Amino acid sequence: MRLNMLIYLIVACCWGKSLSIPQQILNEFKSTLLPLFGLKEQPKIEGKVQVPEALKKIYNIQNNFEYDTASLPLPGLYTKSANTIRSFTHVESPIDEKFVHPHRFRLKFNISSIPRHEKLTAAEIKLTRETAKNTSHPFQRVLVHDILQPGVKGLHGPITRVIDSKVVDSRKNTTVSIDVFPAVARWMQDPKTNHGILIVVYSIGAKKSPPEKHLRLRRDTAPPQWYQHQPLLFTYTDDGKNQQRTGTELTKMRPKRQSSRRHRKNLKDPCRRRQMYVDFGSVGWNDWIVAPLGYDAYYCGGECEYPIPDHMNTTNHAIVQSLVNSMKPKEVPGPCCVPTQLGQMSMLYLGSDGSVILKNYKEMVVVGCGCR
C-alpha cells in the first residue's frame, strides 16, 4: 500500500464526522482508492437497484470465512480463482412482447461493464419458482439455448444451440441454476454476438403446458415483488491480482511468545498494530457502496529497539540492524515497524449500469506487525 494513500486515509479517517473534510483531501482520497478498487470513476447510481440475496449471503460467508483468502469460497461450479461476482438483470425491450407464451422467453443481459482483461471462470442464470399444486406431471425440462443468430422475419427463425438442460420438480420452490458459461465467454470475446439466451420449459409426460407461474421468466408482478423474483445472470471472474496462496499463508499467523516478555518494559511504545478506521460515508460513497459502510484497516506503529523481542516477528537482518543502531545511532537507523501480514476485504457495491458487484481485495487490512 503506497505511503501517500496511507497518509490521506489516516487524515480522512481521523476527521470527525461533524467536521467537513477539505475538498483537496477528498479528491486525493478518491483518486487513490478508486484505481485500487479497479474503478476509473465513481459509479453514478440512477434509480433503485435491488441487491440479490445470493450476493448478500456470499458476502456474509466471506466475512466469516475461516481463512484469509481473496478467492471466493464457492464450491462446485465456481473455481477458487474467482475473486469477483457480478449480477445482471434482463434488459427489457420491445422484442419481449413477441414472446407471448409464458414458457418460452428470451433473456438479454448487458455485460459490457466486465473489463476485458478479467478471466471468466463461470456464469449462471438463476431462476426463481413457485410451488405448483395439484399437478399429475410435476417434472419439467428446462432447455437453455444460446442464440447464435437472431431470426429474420419471413425467412427463418433464430439459429441456436443448446448449452444446458435441467429437469426440475414443480412441487419445489428452490432456485434453479442454469449454466451459461459458453454463451457469456463468447459475448466477452465479441460483444456483437450477444443476442441473448432463449429458455424453453416443457412438461415431461404431459401434453398440456407446465404450470404458468412455476418458473419466473418475465415480468408479471408489481416492481417490489418482481425485484425479488426476476431472472439474474451471475458472472464469476478473476482480475489476476490475487495469486493462489498456500494453506500456511492463508492461516493467520500468531506472534511467538517466549522469554522475550521481560523486554517489553524496556520499550516506551513498542511496535504493534493500531486502530485506523476507514469510513466510506465520510467521503460520500455510501450511495454506491452497499457493504461495508467502513472497515478497520489498522496500521503499524511504535519503536523497534534492541534487543528486539521474539514476538515482534522480526528478521535476522532487522536484528543485526537494531544491534548496529544501538552502537551507532547517528549512522544507522533502527528497523521500522511495518505490516508483516495483510488480509483481504470484501466489498459489495453498485455499478453505473445497474449491476451489483461483490469483489475481494487483497492486502487491505493489517493482520500483524513486526520490526523489519
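Cβ coordinates are placed from backbone N, Cα and C, and glycine is handled just like the others.
Since the structure is predicted, the reported quantities are computational estimates derived from the model, not experimental observations.
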Candidates Cys14, Cys336, Cys369, Cys371; Swiss-Prot says the disulfide mate of Cys300 is Cys369
Correct disulfide partner for Cys304 among Cys336, Cys371, by Swiss-Prot, is Cys371
According to Swiss-Prot, the cysteine among Cys14, Cys271 that forms a disulfide bond with Cys337 is Cys271
Students should find that the Cβ of Cys271 (disulfide bond) has, within 10 Å, a number of other Cβ atoms equal to 27
Three-class DSSP assignment, Cys371 (disulfide bond), comes back as strand
Asn313 (N-linked glycosylation site) sits from Cys371 (disulfide bond) (Cα to Cα, rounded, in Å) at a distance of 7
Least surrounded, by Cβ count within 10 Å, of the glycosylation sites Asn110, Asn313 is Asn110
Check: min Cα-Cα distance from Cys337 (disulfide bond) over recorded positions Asn110, Cys304, Asn313 goes to Cys304
Recorded positions Asn110, Asn313, Cys369 vs Cys271 (disulfide bond), shortest C-alpha separation belongs to Cys369
